[in-house]
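Shown next, in structure tokens, is the structure this report addresses.
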Amino acid sequence: MVGYDPKPDGRNNTKLQVAVAGSVSGLVTRALISPFDVIKIRFQLQHERLSRRDPNAKYHGIFQASRQILQEEGLTAFWKGHIPAQILSIGYGAVQFLSFEMLTELVHRGSVYDAQEFSVHFVCGGLAACTATLTVHPVDVLRTRFAAQGEPKVYNTLRHAVGTMYRSEGPRVFYKGLAPTLIAIFPYAGLQFSCYSSLKHLYKWAMPAEGKKNENLQNLLCGSGAGVISKTLTYPLDLFKKRLQVGGFEHARAAFGQVRRYKGLMDCAKQVLQKEGALGFFKGLSPSLLKAALSTGFMFFWYEFFCNVFHCMNRTASQR
């Protein structure tokens, strides 16, 4: 179970164990889904249509993009920006799950609401994600810059990227795209946590007794379903965030096609609608959904797995 569990037989993990489980969950998940993230970012930043009919489009499908990236940049390109991405995932996972645990416990102890209700998980999940985002957003900007750059590279190392960005664009560059990120992350994470909890209840109701015994499979499937639902409903804001994060970085994007500048969130949305149509809001949705299903499924799977490990360790220690 994710979040505070008031039942006597529930897991009794310490706050440190919750943070560690969230960190390890983020680390393992990031390593597995990085290739999908790189392809998704490339799709989101391409202004041309994702179609073979557009002669100026560099990418037009998942398999075509994978082959082209592999041929032009090598296998390691699928893990571009992996170091800042791992820092992001470890920090984000720890802060998000720890905040969610503390917020649901606060609701249970300080209100009449059930800590396991859909609405409680939605609000607490959204607030926990916003807290985590404020903590690690500069690393997210770095990750996007690394994943977006082509060859020759503009940034060679993480230290080089931080120094160059700070000197050329000032300290505010590390919080580019923060507004759409916070606007998007609240409902996205809120839906992740609340849908995960609801899907687990649905799974237990629908599955026969034999199927209920495989808790790991249940966590993976329900997490994947929650990821697909939440990503589909909030995807346009994720696209705006990526477009704004690479503002001032246009020279490194020239090899990928058209380059545009945006004045802010509303201007970005307006330009996408005018020049790319309504479907432009969902560029990169297919790899993003695949990534969301895998990443959210793995996130909850590994988090629950490590929380159970810590719970067994605590129980063993208490019996000695």
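Keep in mind that glycine also has a Cβ here, set from the backbone N, Cα and C atoms.
If you look up TrEMBL, you'll see 13-106 (among others) marked as repeat 'Solcar'.
As annotated by TrEMBL, repeat 'Solcar' applies to 116-202 (among others). As a summary of secondary structure, the repeat 'Solcar' (116-202) carries 73 helix, 0 strand, 14 coil according to DSSP.
In this model, the repeat 'Solcar' (214-309) carries an average pLDDT of 84. Residues or ranges marked as repeat 'Solcar' by TrEMBL: 214-309 (among others).
Helix, strand and coil content of the repeat 'Solcar' (214-309), in residues and according to DSSP, is 80 helix, 0 strand, 16 coil. For the repeat 'Solcar' (13-106), residue counts in helix, strand and coil come to 73 helix, 0 strand, 21 coil, using DSSP.
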